[in-house]
Amino acid sequence: MDVESRAAEAAVVAVDWRGRPCRPHRHGGMRAAVFVLGIQAFEIMAIAAVGNNLITYVFGEMHFPLPQAANVVTNFVGTIFLLALLGGFLSDSYLGCFWTILTFGFVELSGFILLSLQAHLPQLKPPPCSMTGGGCEKARGFKSTVFFLALYLVALGSGCLKPNMIAHGADQFDAAAPGGAGRLSTYFNSAYFSFCAGELVALTALVWVQTHSGMDVGFGISAAAMAAGLVSLVSGAARYRNKPPQGSIFTPVARVFVAAYSKRKQVCPSSPNSVNAGACEPVRLAGNFRHSTKFRFLDKACIRVAQQGPNMKPESPWRLCTVAEVQQAKTLLAVTPIFACTIVFNTVLAQLQTFSVQQGSAMDTALPPGSSFRIPPASLQAIPYAMLLALVPAYELLLVPLMKRATGTRSGITPLQRIGVGLGTVAFSMVAAADVERRRRDAAAGGHRMSVLWIVPQFLVFGVSEMFTAVGLIEFFYKQACAGMQAFLTALTYCSYAFGFYLSSVLVSLVNRVTARHGGGGGCWLGDNDLNKDRLDLFYWMLAALSVLNFFCFLLCARWYNAGVDGSDAAAASGQVAAEGVDGKEII
């Protein structure tokens, strides 16, 4: 098969649920995306109610020591986001978004049901015991096996769902249509609004149920929410625009590297009149493809080593690649540094879901102070989401139009700029957390308990940071994706969460090891089950310093990513990377 015919096959036509070409006024649009937003809200409601209060269950009922309990939570959440790569791969290569969501939605539902049963049956849990008194029996053997089986069924289902829900909703919009880029950006903001609504309900109503009615009831409600999400998904089946899977997404990328290596001694022709003119087309597409001047060694995959003729056998696809395939490989390499710069950001998120919850447990949870009503510490994470329910519409309705007029770009603020704002402000969350923890320890040493409201600022600052970083990263990856890779590149967003949570586990273990050896009289920073004896404030300061360093690394990576952009990016067909700025004013 020659280069031109293989490039022609790259075009993807959206189809309905019967496999017929979609009709513009009957399929897709926000009328279809709203059903996807429904399952997004219900799924995040279900998983957030489990994940954000899981440390309380693992520590208080399964009797894992606090550092181990924190690692159980971060490893669980990290696995969810790492499995997003599997979900993106299966969707783009074999199943398509809709069937991947439906299949793994039932896997996640089964995990919630098993988790609820495990929390309800006494024979599947260790005997009740107060961890502060010591001597508690840790869950082991069959009890531990059932717990982790349920937990990782939930992780498998949720991980494979996450990138496909985002990608399937975005697939309902044709970015090439007039105004399509603006509607797509609005959808990403709507998806984040849906996420915030689900988180808010989970961290208030569902966490309250877990605290007052038991974790078994809370896990059961999560199962019911997941079932409601699947109903929402199926209800919109007749309206969806579905992009058919394109086969293995890794094969074209692998072909580029194999072909480039096999022709490593070849030289790309510089004269358009030479025998191989046009063979190194990416070299000549500097005005149409952002990364033409980067990774030039991959351009050799397009060199024809023999003249093509009617009686000559064409070169193997593993020896001669299309321009679109080379661009696909270059795009994957180019987005990697941006991806890496968001890992520390998600390490900060891990602290808010683990140590900050325990920090709140060691404070006065009465609201207002002195009253009999007590707020569950995990519910404090709902505060930024309540604020974001107002900020996200304000961002879309007020800030975006203002920035459009100021910058002349279609989206107002580009995805990379949005990520940068988030990464630049997240350090202040850890600064606030460190200062409050120092004050809390000093108050506890004097026999006083600070109000839990003191830890609200660290959640608020992070919430604002996440609004910029999370949405910007998803939009960035989706817009950079080649045809047939939208779900997989979207999964890189969640993979960043995974590495962030895994890095948190590594840092906790490493900090304990180093401070135990060189900490002097203070001992381990995080080695005790009592925060009054730990030095959580120093750990927070370390993360603040890492966040600042990470922000400057991002600035360098973003500058490199946009290097060579001359403002003439255009959205090209047949798998070329989509660039938003067809008007010549947008730089991602």
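Cβ coordinates are placed from backbone N, Cα and C, and glycine is handled just like the others.
Note: TrEMBL annotation is automatic and uncurated.
Here the transmembrane segment (33-60) has Cβ contacts under 8 Å with residues 66, 69-70, 72-73, 76-77, 80, 101, 105, 108, 112, 115, 119, 131, 154, 158, 161, 165-166, 168-169, 172-173, 187, 190-191, 194-195, 197-199, 201-203, 206-207, 210, 215, 218-219, 221-223, 225-226, 228-230, 232-233, 235-236, 239-240, 353-354, 357-358, 361, 376-378, 381 of the same chain, all six or more residues outside its ends. Annotation comment: TrEMBL describes 33-60 (among others) as transmembrane segment.
Taken from TrEMBL, the feature transmembrane segment covers 72-90 (among others).
Annotation comment: TrEMBL describes 97-121 (among others) as transmembrane segment.
If one looks beyond the transmembrane segment (141-161) by at least 6 residues along the same chain, the residues whose Cβ comes under 8 Å of a Cβ in the stretch are 39, 43, 47, 50, 62, 76, 79-84, 86-87, 90, 100-101, 103-112, 114-115, 117-118, 124-126, 494. Annotated transmembrane segment per TrEMBL: 141-161 (among others), in sequence order.
Annotation source TrEMBL lists transmembrane segment at 191-211 (among others).
Residues annotated as transmembrane segment in TrEMBL: 217-238 (among others).
Within the chain carrying the transmembrane segment (332-352), a Cβ under 8 angstroms from the stretch's Cβ atoms is held by residues 74, 77, 253, 290-291, 294-295, 381, 416, 419, 422-423, 426, 429-430, 433, 458-459, 462, 465-466, 469, 473, 476-477, 480, 489, 492, 495-497, 499-501, 503-504, 507, 539-540, 543, 546-547, 550, 553-554, 557-558, 560-561, all 6 or more beyond its ends. Summarising the annotation, TrEMBL assigns transmembrane segment to 332-352 (among others).
What TrEMBL lists as transmembrane segment is 382-403 (among others).
Positions annotated as transmembrane segment by TrEMBL: 454-477 (among others). Proximity of distant same-chain residues to the transmembrane segment (454-477), defined by a Cβ-Cβ separation under 8 Å and at least 6 residues beyond the stretch ends, is recorded for 166, 184-185, 188-189, 191-192, 335, 338, 342, 345, 348-349, 352, 356, 359-360, 363, 380-381, 383-385, 387-388, 391-392, 395, 411, 415-419, 421-423, 425-426, 428-430, 432-433, 436, 439-440, 489-490, 492-493, 496, 588.
Residues of the same chain lying 6 or more positions beyond the ends of the transmembrane segment (489-511) and with a Cβ under 8 Å from any Cβ of it are 67, 70-71, 74-75, 77-82, 84-85, 87-89, 159, 162-163, 166-167, 170, 335, 339, 342-351, 354, 470, 473-474, 477-478, 480-481, 524-526, 539, 542-543. What TrEMBL lists as transmembrane segment is 489-511 (among others).
Positions annotated as transmembrane segment by TrEMBL: 538-558 (among others).
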Maximum Cβ pairs under 8 Å to the transmembrane segment (191-211) - stretch from the list 72-90, 97-121, 217-238, 382-403, 538-558: 382-403
Listed stretch, out of 72-90, 217-238, 382-403, that has the most CB pairs under 8 angstroms to the transmembrane segment (97-121): 217-238
Surrounding residues of the transmembrane segment (72-90) on its own chain - C-beta under 8 Å, 6+ positions past either end: 47, 51, 54-55, 58, 64, 100, 104, 151-152, 154-156, 158-164, 167, 249-250, 350, 353-354, 487-502, 504-505, 508
